[in-house]
Amino acid sequence: MDKFNPVDMSVWQGRQDPEDGELALRWHDKVQPWPQAGRAAPGVALVGFACDEGVRRNKGRVGAAGAPLAVRKLLANSAWHLGRPVYDRGDVNCEDGDLDAAHGRLAERVARLLDEGHFPLVLGGGHEVAFGSWSGLNRHLAGRGRVGIINFDAHFDLRMKLEQASSGTPFFQIAEQCAIQGTPFTYACLGVAETANTQALFARAEALGVWHVLDEAMTPAELPALLSGLDAFIARCDHLYLTIDLDVLPAAVMPGVSAPAARGVELAVIEPLIAHIRASGKLRLADLAEYNPSLDQDNRSARVAARLVHQLIK
């Protein structure tokens with residue numbers, strides 16, 4: 001098996017409504033394979049990160065490696081409302097548990113896509129995907145401007161990397177790399193569950209200057225305040241990387257994750273925030289993490305993940 005697999009385009013199939021012509025197109029009609037030669041016109045490039053090694057190391061429930069394929073299958077039959085090309089750039093795999101190598105391959109792929117003018121949308125995989133995604137953006141920018149990371153997540157994912165990286169360490173790894181480079185670590189974590197993060201993690205977040213909002217404060221009534229806070233954060237940044245850990249959503253909406261949320265944040269709050277981030281014109285890269293098809297119920301979680309893909313790029 002190749003370490004970077006082109007996806008089987010047969011996954012992109014679904015309903016046909018020929019009686020309605022061009023207005024009845026779905027994703028399976030429009031998603032394009034990556035060209036074998038030459039450059040593709042700038043568009044959205046889907047990249048799968050078929051890896052849950054970080055989840056295993058973090059003592060979570062594995063299965064997220066199957067997420068990229070499952071999300072593609074749900075996207076395939078979704079109605080098409082986009083005005084730019086979408087390409088399937090295949091999957092990065094984690095072979096023999098070598099997460100560092102998988103991170104390196106993802107970073108290389110993301111950087112190259114950015115260099116060629118595309119918007120990479122990475123489909124994880126465990127949240128270890130974040131270090132690979134950010135590393136690609138960091139490589140592409142090469143110090144040009146300040147990067148802000150916005151993470152919708154019930155967890156800070158600021159665990160210290162002792163012997164190995166995991167799904168709990170990506171933002172600590174990024175903070176370490178920023179310190180080495182002498183660049184600011186600008187991180188927002190929105191939807192934090194107090195009971196899912198130790199006092200040590202809250203202290204580390206404070207020491208690193210992380211802007212965080214608890215899940216209980218992320219309600220429709222608080223949306224104006226959230227948008228104001230987001231504006232202040234975005235104003236400090238030249239470029240944005242948005243990462244969505246799907247366990248930020250309520251367990252009833254998102255059962256298919258390793259650590260379902262006891263409370264979570266509603267889509268009615270998250271979607272306007274995504275739209276606001278997009279409207280800033282600074283969003284360069286996004287990813288989804290932690291969807292686990294083996295824990296899903298009637299594809300409920302996959303449908304939500306597919307909806308969020310649409311929200312990220314519409």
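Glycine too: its Cβ is placed from the backbone N, Cα and C atoms.
Lifted from Swiss-Prot, the feature list:
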| type | residues | note |
| --- | --- | --- |
| BINDING | HIS127, ASP153, ASP157, ASP245 | Mn(2+) 1 binding site |
| BINDING | ASP153, HIS155, ASP245, ASP247 | Mn(2+) 2 binding site |
Item to check | For ASP245 (Mn(2+) 1 binding site), the three-state class that DSSP assigns | outcome: strand
Checklist entry - Hey, for the Mn(2+) 2 site built from ASP153, HIS155, ASP245, ASP247, who else sits with CB inside 8 A of the CB center? => result HIS127, ASN151, PHE152, ALA154, ASP157, GLY191, LEU246, VAL248, ALA259, ALA289, GLU290
Checklist outcome for this item: Fewest C-beta neighbours within 10 angstroms among the binding-site residues HIS127, HIS155 belongs to HIS155
Checklist entry - Once the chains shown are all counted, how many other Cβ atoms turn up within 10 Å of the Cβ of ASP153 (Mn(2+) 1 binding site)? => result 29
Next on the checklist: Give me the count of other Cβ atoms within 10 A of the Cβ belonging to ASP245 (Mn(2+) 1 binding site).
Outcome noted: 30
Checklist entry - What does DSSP call HIS127 (Mn(2+) 1 binding site) in the simple three-state scheme? => result coil
Item to check | DSSP-derived structure type at HIS155 (Mn(2+) 2 binding site), helix or strand or else coil | outcome: coil
Checklist outcome for this item: Among HIS127, ASP153, ASP157, i.e. the binding-site residues, the one with its Cα nearest that of ASP247 (Mn(2+) 2 binding site) is ASP153
